[in-house]
Amino acid sequence: FLSFLGHWGRCIGDCGSGGIRSRAVWCVHVEGWTTHHSNCELRDKPENQRSCLKVCDWHLELFEWEVSEWQLCVLVPFAHGEVKPRTTDCVTAQHGLQHRSVHCIQKLNRTVVANEICEYFTPHPPVEQACLIPCPRDCVVSEFSKWSECSKDCVKRLQHRTRFIISPPLYGGSNCPNLTESRTCDVPITCTFGEEEYTYSLQVGPWSKCRLPHLKEVSVIGRTMLDFSSDSAERSTFKLHSYKPHHHSKPWDVEIGYQTRQIRCTRSDGKNAMLSLCMQETIPLTFQSCVMPKDCETSVWSAWSTCSKTCHSGDLSPGFRSRHRSIKYIAVGIGKECPELEEKEACNIGGKEFLHPCPRFSWRTSEWKACQVTLLLDQQDPRQYEHTALCGGGIQVREVYCVQSVIESGTHKLKEVTRPIDKKFCVGPAPSASQLCNVPCPSDCLVSSWSAWGPCVHENCHDHQGKKGFRMRQRHVVMELVGTSQSCPHLVESIPCEDQLCYQWVISEGVCVPDQGKCGHGNRILTAICKNNKGEEVSPTLCSEFPHPETMVCELPCAMDCVISDWSEWSSCSHSCSSKNAEGKQSRTRSTLALPGEGGKPCPPHQALQEYRLCNENICTQLYWETSPWGSCSEDTLVTALNATITWNGEATCGVGIQTRKVFCMKNNFGQVTNKRCPDSLRPETVRPCLLPCKKDCVVTPFSEWTRCPMTCQHDNATAIKQSRYRIIIQNAANGGQDCPDTLYEERECEDIPVCPVYRWKTHKWSHCVLVPDSVRQGILGINEACGRGLQSRAVVCLSNNNHAADVTECMKWTEPMPSLVQECVIPCKEDCTFTLWSKFTACSSDCESTKSRRRSLTGTGRSRKRDKCQNTVVYPQVETEECPCETFITQHHGNWSDCIIAEGKTELKLGSRVQGETKHCGEGVRLRAIACYDKTGKLVDPSYCSSSGYIEERCVIPCPFDCKLSDWSSWTACSSSCGTGMKIRSKWLKEKPYDGGRPCPTLDLKNQVRQVYEAVPCYTECNQYSWVVEPWSPCKINSEQNSLHCGEGIQTRKIRCVNTSEGGEDESVPITLCDQSEIPKETQTCNLYCPNECVMSDWGQWSQCPQVCDPNIMQTRTRNMLRSPLNINTCPKETQMQPCVLNQNCFQYQYNLTDWSTCQLSENATCGQGIQRRLLNCIRSDGKSVNMNYCEQLNLEKPEQLSLHCLVECAVNCQLSKWSAWSECSNTCGIGGQMIRSRSIIMQVQGEGRLCPTQLTQYRNCPVKPCYTWILGEWSLCRLEGGQCGEGVQIRNLTCVVHDASMSVPTKQVENALCGELPSKDNALQLPCSVPCPGDCHLTGWSEWSSCELTCIDGRSFETTGRQSRSRTFIIQSFENQDSCPEQVLETRPCSGGKCYNYAWKTSLWRENERTVWCQRSDGVNVTGGCPVQTQPAEIRHCNPECKKPFSYCTQSGVCSCERGYTEIMRSNGFLDYCMKVPGLDDKKADVKTGKNKPVNSKMHDIFKGWSIQPFNPDGRLKIWVYGVSAGGFLIILFLICTSYLVCKKPKPHQSTPPQQKPLTLAYDGDMDM
C-alpha cells in the first residue's frame, strides 16, 4: 500500500502567517485502488495540513516581484545551453530567445517566497521573450599606418606599422587580427670606425618594499655585502642613534625603514651588459628612507542601537539600526586606509504581536468662524466699508490641524489626542479652511396705505364708563421683515374724539304719503336699524338709549308746484382733522327738477339748493403705540420648573425663558407722550416666552509639543535658540460661556543644548633626520658620507579643551585634518649649497601695485668652486617676490533679471498670539540680478565684497487687476401702473472697463452703444391712491330761443379733477393721467326740466346686486319714485327697470392675481449671497382690470401664502492664494547657474466671475555667484626614472586648489590650498608606477583615439539605442628575439550615445592586366579591414572559367576565351570555345602547342578579325544556312572519296606508282585531335 497525495489547496484563514492550507491523502494499493487509512503505516503518513501565508490586500506593501535583467539573446535551437554554431547563411538577423529570472520576494529582508503570493496582486512577469540576433560581425580595423622610419645609424633595427580597432567583434564574429606588422629595415648598415653595432641603456628596477634593517646589517659595520633577499622575520632590537624601533608602538609612532632598487645595463637587443658600459655622470639612487606601512586599526563594533521602528503599522516597512567603531591607529605610509566607521541595517523587532500599534494621524478642524463679508469685499474694492451695515455673501474660515490617534493597550480602541502636531504627518488632502457663507440682510417691512378714518367710538364698547373716544385708521403688512430683529412700523393710528358712539341707528326714509288727496303735506315712515361702529347690524336693544322718530313730515308737490330733488350725499371731508389754520367741511346739493306752473308753489332760491357742515372737528393729533426690539432671552423664575426636558416647536432646547420689550405711546411729529393718551386696548405685549440659548464654553486644544531644540551641538558664541508651542481655538465662547484664554502661543529658550566640544591637535618636535642605515649606504659603490635626503617624524596627540588626552576620532570629527606625521629632511653633504631660512615678507603699502619680498643668504661656502655654483641665482634664488593683495573689486552681472518680487508682510510674534502680516500679490516690488565679484587679478571672490545682498536691484511693478466699475444703482422709477401691479426699473452705468485680469463687466449691449445694466421688479399701486372728484352738476340749461316755456330737454355741465387720496396727499389735484381713464366721469349730460302738469320722476336708484356667479337668467333691478303727479296719472313712466346679469357688462367676478417672481433682490448693503424673490398680489376683475383689494377681500377669497422666497446670488470669489513659501536653498552651492525657487498654492478656487488664478505659482531668481573651490588634478608627468634611461619609474601629477564659477568658459585661477578644505580621497592618486621600455624591449603603444560611435543596425535601422566606441593598444617589437615576451594587444569598448548606422561595401579599382585592387569601405568613406562579407568579395585576379587550354587561345579582359591573331574561334553549342582554326592566307607565327603558351596578339588586329569567327548557330539557337551548305558539300566529298577509294582498290595496272597519301580535312568533332 502506498500514500497517494492530492494538490495543496488555497491558503485560508486570517491575514498573515496564520493561514492554513490542506490537501487530501489517500491510502492506495499498488494496483491503483484506494483502501482504508489503517492499511498504510500511520507514521509514514504525509502531512495533510501546513501553515501558510494568507495573502490580503494590505500585503501589497510587503511583497514584490524581483525581476533580473534580460540575458543575452541566443539562437532558438540553442536556447537551453547547446553550443551555438556560426551560421554562414545569415542575411540580416536570426530569431532568438532571452531569459530572465523572476522571484517573489519579501521587501523587508529580500528573501524569496512562494510566487503565488505576488500572483495574488499582479500577474507573473514573463521569463522569456523573443529577440533578434544580428548576424555575426567580424572585428573591423583601420588601414595600416605608414612604415616607421628606419634609422641610418650603425644599429640593426626593425621598422613597424600599426592599425587600430574600429569595431569589436560582435555576435560570434571573427576576432581582431594583429594590429602590428614588423620587418627588418632594408637599409644598408655602414658602421664607421669605432662605432658600435649596439647601444646601451641604464635600466633602473622597481623599489623594494620598505623594511627595517636586519641584524647582520646593523652589527657588521663597514661590510659591503647587501642583502636583497625577501624580508626576514628577524628584527633588530638594537637602538642606533639614527633609528629607534619600538616593539609596542604608541598611536602614530612612526617606524622609518629603507628601500632599495637594482640598476643594470641593457643592450639594444635586450641582453644585459656590463654596468660600466652604461656609466654616466650621476648615478641613480639605489636606496632611500621610507615609512614602514601600518594599516589603520579600529576598535571593535559597538552594540547595535535600538531599532528605529518601535511600533507596527499597515505597511510593515522596516526600521533601521546602526553601530559604530572608532579609530585606534591611523594608517601610516602606504598602509590600508580606515574602513567605514558606521554601519546601518534594516530591522524589524519581532512580529506585530510584540509591537504596539503606531499612532494614526488625521485631519481635524475647528468650528467655522463668523461669516465675514469684508473678506469678500476686500477682494473687490480696497475702500473701507461700514462693517456694521454689511450683509450678504461673505467668507468664513476655520483652523485645520493634524492630530494623532493611538490605540489603547488591551482595548484596541482608538483614543484621540487632540494636541495639534506637525501637518506633515497627515496624509491625504486637508479639509477646506475657507468657504462661502451668507450674512442675512434685513429687508424692509412693506405696509399698505392707511385706510379712511373710522367713526368716533369708545375705546371699549363693553365698558365705556369714563372712557375716551377715538377715531382709528389701519394699514396692513404687505411683506414681512426678514433677517432682522426690528419690527414693522405701527399699523394702527388713533385720534381722540368727543362724540364717541359704539352703536347708532341707521335710518332709511320711506315714500311720502299725503295726508289728503294726491299732493300736499304728508308723512314719511322711517325705518331704523341698529349698527355698531363697524357697520354691522346688531340687536336694537344696544341702541335703546338713543330714541329715534318713527315718522317724518314731508310734502308731495302738486301738479303746478316746483319740484326739487332730494339732497345728495355729503361730500368727503376736506380735512382729516381740524387745526388753527384749517377745519374740515362737507357739502351737499339738490337741484330743480320742474318749474312751477301758474298758481303753483314757487321754487326755493338758489342758495337754498346747497348746504355745508363742519366735519372732523377733532384736532390733528395722531397717536400710536411703538415698541423697542425684543431683549435677549433670559431665565425667569416662573418658568424654571418647565426647564427640565422641554421641547419647543419640536426642538430640544436648554430651557424656556422670557423676552421683554418696552412700549411707548407716541404722538406724530412730537415724540413720546404719556401712555394714557393711547388706546389701552391696542397696547402691544411686553413679555413673551422664548428659547433659552445653550451656553457654549470656549474649547481649545492642548498646547502642541514644544518645537524641537537642535540635536546638534552649538558653539559658545551662537545666538540663543528658542522653541515654541501653540494651541488652537476649536469653539469660541457664546451665550455667557467660559471665555477663551488669552495665551495661544508661547516661546522659551532651549535648555540643555549641548555645547560643541573643542578639540585640538598637539604636535611634538620633529625628530632628527633619519637616513638609510650606514651598512646599506656604505655597501653601495663606496658611499661613506652620512648625508642626503632622509625622513623625520613627530608625535601628534589629540587634546580636549581641558588639555586631557582624547580619542583620535574626536579630533578628526571636530577640528581640521590631522597634521602630517612625517616629512622629508636633508642632511647637507659637503658639496651641497646651504642657505639661511627665508626672512619674513616685507610689509605691503596701500597701493594696489605694490609687491612684497623675502630673502635668504648663502652659508658655509669654503671652496671657490662650490661658492661659484651656489651663487647661481637662477638655480638657487636668494630673493622671492609676490604681489600684495588688492582690495579693488569688479562687479559683473550674471543671468537674467528675476521675476518681480513683492515684499511679504512680516509675521510678528507677540507674546500669546501670532499676528500675520498682510500678503500682497501685486503692486511695487523689486527684481534682482545676480552678480559675480572679481578681484584685481580676475579671481572670483565672495559676492559680499561687491554687494551686501549679492544682487543688483531694480524697481518693478506687478499691475494690480482692475475690476469693471459700474455706477451705483439709480433710483427706482415710478411704478408703471397707477392701479394694481406694474414694473419699476433702475439702472447702472459703465464707469470704467476692466484691465489686467480684473473682473469682467456684466453683459452690456455695446453694439447699440447701450452701456447700462437694467434691473426690473414688479411693483404695486393702491387703486384708490388717485381718484376722480366731481363738482355738482350745473342747473339744467334750456335753449330759450326755441322753447318759450323754458322747460323740456337741456344740458348741464360739471367740473372733474384727479386728486391724490393717499396719506399726505390732502386731496391735492394731480394730472388726470394718474387716474383711471376708463372710469373718467362725464363732464356734460343731457337733462330734463319738467314742464308744468308733467309727471316728475326721481333719479334712478342703484341697481340691485347680481349674484357672485353671474347668471343671465337672474335679473337686477333699479327703481325710482314719482315726485309730482300729473293731471293725467297714466302719462307717468315706469318706476322699475330690469336687466339680466351679463358677465363683464353689469356683472363682474373677482380673483386674486399673482405676478411672476422678481429677480433675486439683494440688500443695498450686500453684493452677493442670500437675497429675496418677491411676487405681488392684486385683485383683478373678470374683464382683466385691476381693482381695489377690497373687492377680493369682501368675497373672503383664499389668499396665496408665499409672496417671498429666499434666493442666492452667486458670489464672485477671486482666486485666493497662500503666502509665498520661503526661498529654497540654491540649486548650486557655488558658481553660476544656481537658482532659488519659492512657490505658493491656491487656497480657494475662483468662483463665479471672480478674478482668475494667476498662472505664476512659482518664482525663480538666480543665486549670487559664489566662488567654487575645487582640487584640480594636473596632467600626468612623463615617466620619471630618477637618473636611469629606462626601466621602472613614477608618474607624478599635481593637486592644485583653484577657484572657478562652475562654467567651462572662464579659466580657473589658483588659490590657497586652505580654501579647498579636505584633500580628496586616496582614489585620486598623485603618484603612479610607470615604465619606460629599454631598447630591444617589446612594449605596448599608447591608446588610440576612440572610434566614432557606431550602432548595430539591421537593414539600415538601428537595433539598439546606445552604440559603442572602441580603442586599442598594440605592441611594438624592437627585436625579433624578444617577440615571445611581448604583451597581448588590448581592446577597450564603451557605450556611447548619438551613434550612426554604417554600411560596409567592397570597392574595386580598374583592371590592369587582369589584376585589380579590392578593399572594404565604410559608408562614411573610411577604408577598413573586416566588415564586408567574405562571400561576396570580388576577385583581385581575373580568370576564365573554364580555363583557356585550347591551342592558340587566351583569356580576354571580359573573361572569355578567344583565339590569337590569325586564328578564328570555332564555338560549341553552349557558347564556349571549341578550338582555334587558322585563317588561310595569313602567315602568323604558330603557338607552341606543346607548351600551351598563348601569346597575346595585337588587340586592335584581333578586334578587326574578331567578326570572322565561325558561329554555326543564330542567336535564336537555329543552325545557320551555310552550315547546311557545308554539310551538303561534305556529303558530296564523301561520295567522291568512296568512289576514289574504289578506284584505288581496283587491281592496279602493272608498273603504276602509288600517289602520296593526303590528310583529309574534316569539320566533324573528333575529340581533342590537333588540326
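Glycine is no exception: its Cβ is also placed from the backbone N, Cα and C atoms.
Curation plays no part in TrEMBL annotations; they are all automatic predictions.
These features come from TrEMBL:
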- 1551-1560: compositional bias 'Polar residues' (COMPBIAS)
- 139-187: domain 'Spondin-like TSP1' (DOMAIN)
- 296-348: domain 'Spondin-like TSP1' (DOMAIN)
- 562-620: domain 'Spondin-like TSP1' (DOMAIN)
- 698-754: domain 'Spondin-like TSP1' (DOMAIN)
- 964-1005: domain 'Spondin-like TSP1' (DOMAIN)
- 1215-1268: domain 'Spondin-like TSP1' (DOMAIN)
- 1338-1397: domain 'Spondin-like TSP1' (DOMAIN)
- 1442-1481: domain 'Thrombospondin type-1' (DOMAIN)
- 1548-1571: region 'Disordered' (REGION)
- 1521-1545: transmembrane segment (TRANSMEM)
DSSP-assigned states of the domain 'Spondin-like TSP1' (964-1005) in counts, ordered helix, strand, coil: 0 helix, 16 strand, 26 coil
Structural state census, the domain 'Spondin-like TSP1' (296-348) (DSSP three-state): 0 helix, 20 strand, 33 coil
The domain 'Thrombospondin type-1' (1442-1481): DSSP-derived helix, strand, coil residue counts: 0 helix, 17 strand, 23 coil
Residues in the domain 'Spondin-like TSP1' (1338-1397) grouped by DSSP into helix, strand and remaining coil: 6 helix, 24 strand, 30 coil
DSSP residue counts for the domain 'Spondin-like TSP1' (698-754), split into helix, strand and coil: 0 helix, 17 strand, 40 coil
The domain 'Spondin-like TSP1' (562-620) - residue tally per DSSP class, helix then strand then coil: 4 helix, 19 strand, 36 coil
